[in-house]
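Enquirer: Supplied in structure tokens, the structure appears directly below.
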Amino acid sequence: MSWLQVIVLSIVQGLTEFLPVSSSGHLAITSQVFFDDDAGASFTAVTQLGTEFAVLIYFAKDIGRIIKSWFLGLRAPEHRDADYRLGWFVIVGTIPIGVFGLLFKDEIRTGARNLWLVATALIVFSVVIAAAEYYGRQVRQVEQLTWRDSVIVGLAQCLALMPGVSRSGATISAGLFLGLKREVAARFGFLLAIPAVLASGLFSLPDAFHPVGEGMSASGPQLIVATVIAFVVGFAAIAWFLKFLVSHSMYWFVGYRVVLGVVVLALLGTGVLAAQ
């Protein structure tokens, strides 16, 4: 893997990880269009560590408060407040993607990154996002989260295992269908992703150096630089996206997803672009 590839792909990762457009799908498309090869699921997972570090820093106060309340609540019932419950909701919501990720890890690394599937997922899931925007009541606050919400949003996060769907798109859409305010759904989805993405990145770290049968390998310095770039760009993307959601809908991203999906399908159909 060249340094140009590392820089471009890590910028793409940082820009798209928190937007409902699928970072893994964009990495697969960018790799094929500009570098004629897929960066691979392992490189994607490791660069996601950078963007998750951005989440940890951006939500540091929230995370610290949740962890403190969770441990206090375990020892004393009087400390079982909304943050204590939110800690449990994150734990419970993480279980589904942990199970599905382990069961289908081989499919995720290979066939699921086929650009026909990526482009189709971009288009099809845009309909889901649009429906969530249209039908979601958007009245519930974070204090009104329930166990049912954590399970449903956690199951929705599993859809992100397929490149082209989008983790934030899936979790925010689920939250909107459940009546959560748009920015509340986004914040909960970002918190929910932290355990899963950190575990996936650390688990994939060895394969990023020496991938077996998929993608390009990267050196240690390249992975460090990629992670740092993804962190910086990702931090800026989080700040912008959360402000954007306060006064804007996700219909903008729906249109973008459809256009990108159609363009990729056209390039694949005409033979300009290879599927894998």
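Any Cβ shown, glycine's included, is placed from N, Cα and C.
Since we're looking at a predicted model, the values are computed, not measured.
The annotation transmembrane segment is assigned in Swiss-Prot to 1-21, 39-59, 84-104, 115-135, 159-179, 188-208, 222-242, 253-273.
Each of the listed features needs to be described in terms of its position in the shown structure.
Expert: Outside the transmembrane segment (1-21) by six or more residues, the chain places 27, 30-31, 34-35, 39, 43-44, 47-48, 50-51, 54, 122, 129, 166-169, 172-173, 190, 216-219, 222, 225-227, 229-234, 236-238, 241, 250, 253, 256-257, 260 with a CB less than 8 A from a CB of the stretch.
Residues 17-25, 27-28, 97, 100-101, 104, 108, 112-113, 117-122, 125, 128-129, 131-133, 135-140, 149, 152-153, 185-186, 188-190, 192-193, 250, 253, 261 of the same chain lie 6+ residues outside the transmembrane segment (159-179) yet bring a C-beta within less than 8 angstroms of a C-beta in it.
Within the same chain, residues 19-22, 29, 32-33, 115-116, 118-123, 125-126, 129-130, 133, 164, 169 sit at least 6 positions outside the transmembrane segment (253-273) and bring their C-beta atoms closer than 8 Å to a C-beta of that stretch.
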Enquirer: Sort out the residues at least 6 away from either end of the transmembrane segment (84-104), same chain, that have Cβ-Cβ distances under 8 Å to it, and list them.
Expert: 66-67, 69-70, 72-73, 112, 142, 145, 147, 149-151, 153-155, 157-158, 160-161, 188, 191-192, 194-196, 199-200
Enquirer: So which residues does the transmembrane segment (115-135) touch in its own chain, when a touch means Cβ under 8 Å and the partner is 6 or more beyond its ends?
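Expert: Same-chain residues near the transmembrane segment (115-135) but 6 or more away: 20-22, 25, 28-29, 32, 159, 162-166, 169-170, 172-174, 176-177, 249-251, 253-254, 257-258, 260-262, 264-265, 268, 273-276.
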